[in-house]
Amino acid sequence: MKERENITIWQFLILMLNFEIGSAVVVGIGTEAKQDAWIACLAATGLGMLLISLYYKLSQLSDRKHLYGIFGLAFGKWAGLALSFLYTVYFIYIAARVTRDFSELINTAILPYTPMEVIIFTLTFLVAYMVYKGIEVTGRTAEVFSPTVFIFIFAIIMMLWASKGIHFNSFRPVLGDGPMPVLRAVFPGLLTFPFGELVTFSMVLPLVSDVKQIKKYSLIGVGISGMLVTLAVAVQIAALGSETRGRASFPLLGTAKNISIGEFVERVDALIVFVMMLGIIVKSGIFLFCALQGIEHLTSRPYRQFVFPVSMIVGMSAVLVSYNYAEHLQEGVEFVTRYVHVPLQIGIPGLALLVLWIKQRKEGGGRAAASKT
């Protein structure tokens with residue numbers, strides 16, 4: 001008999017916040033909009049609320065089935081299994097990309113002489129152990145450490161302010177190139193990363209114990225995380241300027257280097273890495289959990305049997321996914337966003353919602369006709 005896992009609504013919210021912040025603050029996002037990137041983030045947050053509403057409606061129409069069960073219900077057994085396999089591979093691939101993001105940051109900021117493979121596999125085994133213990137442990141871990149992370153975020157902003165590293169002139173001119181750069185930044189870039197990645201929460205929604213509060217807290221989670229990402233982007237622009245931010249591999253790290261208070265408080269790079277670490281671990285863990293749930297769905301065997309073999313695949317993929325970080329970013333922007341994220345985050349879930357809605361209407365019409373006869 002399959003063991004039922006549950007998380008509280010508060011743990012669900014905390015997981016969503018950490019997941020969304022995750023690698024979104026590691027890499028530079030919305031750079032196409034230059035000094036208006038913060039506006040693009042706000043616009044993408046609104047669209048992100050529509051996306052999470054889509055995923056919630058899918059769960060509602062399918063009687064709280066997870067994503068793989070939804071595919072079987074909408075498209076039939078064999079098409080559902082094919083899509084389940086596709087999404088399992090997708091989740092493994094994105095888990096590898098997230099792991100590579102953070103490993104590059106650690107290698108750049110605090111462990112420059114440590115081989116990348118050592119960092120990647122250390123992080124992978126940490127995430128694997130957490131996932132093996134269950135989604136409840138992931139939720140409790142995020143619940144315990146999140147207050148410290150948010151305190152550090154506030155402290156970093158205050159230290160930047162005290163260092164006189166915030167320059168509001170960097171935001172001018174507002175919409176100087178018109179709205180088109182903002183729109184190009186929003187779609188497909190910001191909509192799919194980080195908000196479209198919430199497709200993973202189609203696997204988490206059925207595990208939340210307080211069913212009545214799910215929609216409300218989903219929207220709150222997207223709203224708060226969107227504001228935090230917008231704040232992070234705004235701070236980067238104010239500290240570095242849009243041009244420097246656009247060239248930086250890790251703009252938040254570059255922002256932290258501007259902190260200097262009385263020539264005493266300096267070099268807070270390690271603090272930045274700690275702030276990012278929880279979000280990355282949660283994000284990579286949820287992608288791994290979703291992939292394992294897919295394998296469980298395909299094989300009808302408990303997912304814990306596959307945790308460490310699949311984690312090894314994630315680790316190897318993170319090493320081999322690209323030759324260097326520049327290639328890694330280019331692949332993410334030019335290929336993954338358009339040809340992987342858009343169909344898998346928006347296209348297929350949207351089609352599944354349409355099919356389920358039509359089926360529900362037909363069943364409702366059939367019942368109404370039967371009651372008249």
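Glycine is treated like the rest: Cβ placed from N, Cα and C.
Quick look at what TrEMBL lists:
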TRANSMEM  12-31  transmembrane segment
TRANSMEM  37-56  transmembrane segment
TRANSMEM  68-93  transmembrane segment
TRANSMEM  113-132  transmembrane segment
TRANSMEM  144-162  transmembrane segment
TRANSMEM  182-205  transmembrane segment
TRANSMEM  217-239  transmembrane segment
TRANSMEM  270-294  transmembrane segment
TRANSMEM  306-326  transmembrane segment
TRANSMEM  338-358  transmembrane segment
Hey, does the transmembrane segment (182-205) touch the transmembrane segment (113-132), meaning at least 3 C-beta pairs closer than 8 angstroms, sequence gap 6 or more?
no
If you count Cβ pairs under 8 Å, which stretch among 12-31, 68-93, 144-162, 306-326 touches the transmembrane segment (338-358) the most?
68-93
For the transmembrane segment (68-93) and the transmembrane segment (270-294), decide whether they are in contact, meaning at least 3 CB pairs lie under 8 A, counting pairs 6 or more apart in sequence.
yes
Interface-richest range of 37-56, 182-205, 306-326 toward the transmembrane segment (12-31), CB pairs under 8 Å:
182-205
May I ask whether the transmembrane segment (306-326) has at least three C-beta pairs under 8 Å with the transmembrane segment (182-205), counting pairs 6 or more apart in sequence?
no
State the residues, same chain only, that lie 6 or more residues beyond the ends of the transmembrane segment (144-162) and have a CB under 8 A from a CB inside it; answer 'none' if no residue qualifies.
14, 17-18, 228, 231, 235, 239, 255-256, 258-259, 261, 265, 268, 271-272, 274-275, 278-279
